[in-house]
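Undergrad: Please read through the structure below; I'll follow up with questions.
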């Protein structure tokens, strides 16, 4: 009897283990299922080290700065936590097919968009350069979808951030060291991430080769996933059953049909004569009784036009001094914009101006032209830098002196230099149709194009880049 009891207990233990294995295999392998097993793989542990190191330092300094920078940092932190959850999922599950993979990546993608949108909604922020540095580089979180070279993609995003972090350094290096430390902490996130990818995910996110296939998101620790929609509606009723008939019925029907066809013209003898009182077109009473009868296809009718799309809300035009920043925004078809009474510590930010002309008198610290079209800018003296970004067909004229003009992501830019600004440095990137006009003794200008095409060669020790001369 004791042997029988021991045998039953052993069988119960075996069944329990089998049920546990079965439950683990059927688990819906999403973010939420991974939380309890975090840190079981080396690359999840390494990512945790990144979160505890540069990310924690970035969050700490952002909190000290406060305001928009702190809010932005919290959004970035959410994106990194979503990425960690995906890494845990990948360490336990096999990679799903295309559509299912998109579902898994959707929360990260939406969080990236939220970070970018925050910057666009706060263009008037005093910490706009901080927000821009984050917004331009947050796309680096998308490395999980990049193959076979996710590392270089992150580096490219890091380089994009440096365009704005350099501004932060220039503005705060002698004013507040906290902002300098913020730049170092933020950029170190992406440099550390590059090293992490190189070690664990060189050719793309490393998925498990065993375990269940990862499915759509469900059960995020913070609540329902951002990317999941409402449950699908219940399926409709099944189609009515197709009437069935026996083989003998089909055979009989076919035989009857062929018999009628073989009758030839004699088949018309079975037709009944239709008298005039039975014809609709000859019997008005019958026509009124039966209503409109249409034979043949419906006549062509033009499709209804789509409802007009709502017109985008037009932002109000601005020309105002906010603190130490002149804001010139959303000006259209205005040819006499003027900024006077400037001070050395003031800056000018010109955004989304179209077919307009602005003159800035006096000496100012810096000027930024962002997302403008057909803008004419005339200024006296700038002690820092004039930057033209994301613009098209811009003309800039220097009346006094400026040390540096930067042209970035711009198509069509004419720079008219004065005699006092001939030593100006012109830095360009990702731009085209740039021309510098040099004054002559007669008061005219000679036009010189800025090179756009380059040739790079390996000389045995390093890459050597030269301007490509095109004979015309």
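The backbone N, Cα and C atoms fix where each Cβ goes, glycine too.
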Undergrad: Scan 140-177, 178-215, 216-253, 330-367 against Swiss-Prot and say which stretch is down as region 'Disordered'.
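TA: Going through 140-177, 178-215, 216-253, 330-367 one by one, Swiss-Prot gives region 'Disordered' for 216-253.
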Undergrad: Among the residue ranges 106-128, 267-289, 290-312, 382-404, I'd like the one that Swiss-Prot describes as region 'Disordered'.
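TA: Going through 106-128, 267-289, 290-312, 382-404 one by one, Swiss-Prot gives region 'Disordered' for 290-312.
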Undergrad: Relative to the Cβ of residue 345 (SUMO1 cross-link), which residues of the same chain, six or more apart in sequence, are found under 8 Å away?
TA: 324, 365
Undergrad: For residue 345 (SUMO1 cross-link), what is the secondary structure state per DSSP, taken as helix, strand or coil?
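TA: In the DSSP reduction, residue 345 (SUMO1 cross-link) maps to coil.
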Undergrad: I'd like the number of other C-beta atoms within 10 A of the C-beta of residue 81 (N6-acetyllysine), please.
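TA: I get 17 for this one.
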Undergrad: Under a three-state reading of DSSP, tell me whether residue 81 (N6-acetyllysine) is helix, strand or coil.
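TA: It is helical.
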Undergrad: What mean pLDDT score does the domain 'C-CAP/cofactor C-like' (307-450) have in the model?
TA: 91
